[in-house]
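J.: Feature list, courtesy of TrEMBL:
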| type | residues | note |
| --- | --- | --- |
| DOMAIN | 8-212 | domain 'ABC transmembrane type-1' |
| TRANSMEM | 12-34 | transmembrane segment |
| TRANSMEM | 46-65 | transmembrane segment |
| TRANSMEM | 85-105 | transmembrane segment |
| TRANSMEM | 161-183 | transmembrane segment |
| TRANSMEM | 195-215 | transmembrane segment |
């Protein structure tokens, strides 16, 4: 049996791209939620946390509906920006960022909210900017949460199924990630290939959980 490695490479690419974007967007968002007194904070917190309880197929369906060329948003993206998000890798990235956002934001937000207020006040009093304070004062103090959020966001993206199938379909080399490949092989009664993909993902899951605990212990000691 020759195993097609394309779904595995596509999964790794999707997870890596999603995680980088989540680091760029999620860390500032977590800091804003942790420190903001805005009336919009409860609304933003609720929206960020919704993927934790929302079925992936529901989010996938609404993204498919919104980004469809037959819809105003999808038509504008395709006609004005030349971007097609349905049944494309770019669409999977957008969906994965939204779906994995709470796994990045929640642990970092909780850790930042638990820092002593005077730690931030001292930095600001010394004339440092809010961004400098976040980057050089707060984040070094919450390394375990940052590591956990990064690894869990990556792992969660690897395990996506319903959202990927709904928004991206099952296009070889484009949207057929490992979880979709398992489904495809089972449908085709090709159980040896399905076992191979599943075993690789099981090994990855074990490695992720082990790495999270090991990195958190190491960050605490540092």
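Including glycine, each Cβ sits where the backbone N, Cα and C put it.
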J.: At an 8 Å Cβ cut-off, counting only pairs 6 or more apart in sequence, do the transmembrane segment (12-34) and the transmembrane segment (85-105) clear the bar of 3 or more pairs?
T.: yes
J.: Are there residues at least 6 beyond the ends of the transmembrane segment (46-65) whose Cβ is under 8 Å from a Cβ of it, and what are they?
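T.: Those are 29, 33, 71, 85-86, 91, 94-95, 98-102, 105-106, 160-167, in sequence order.
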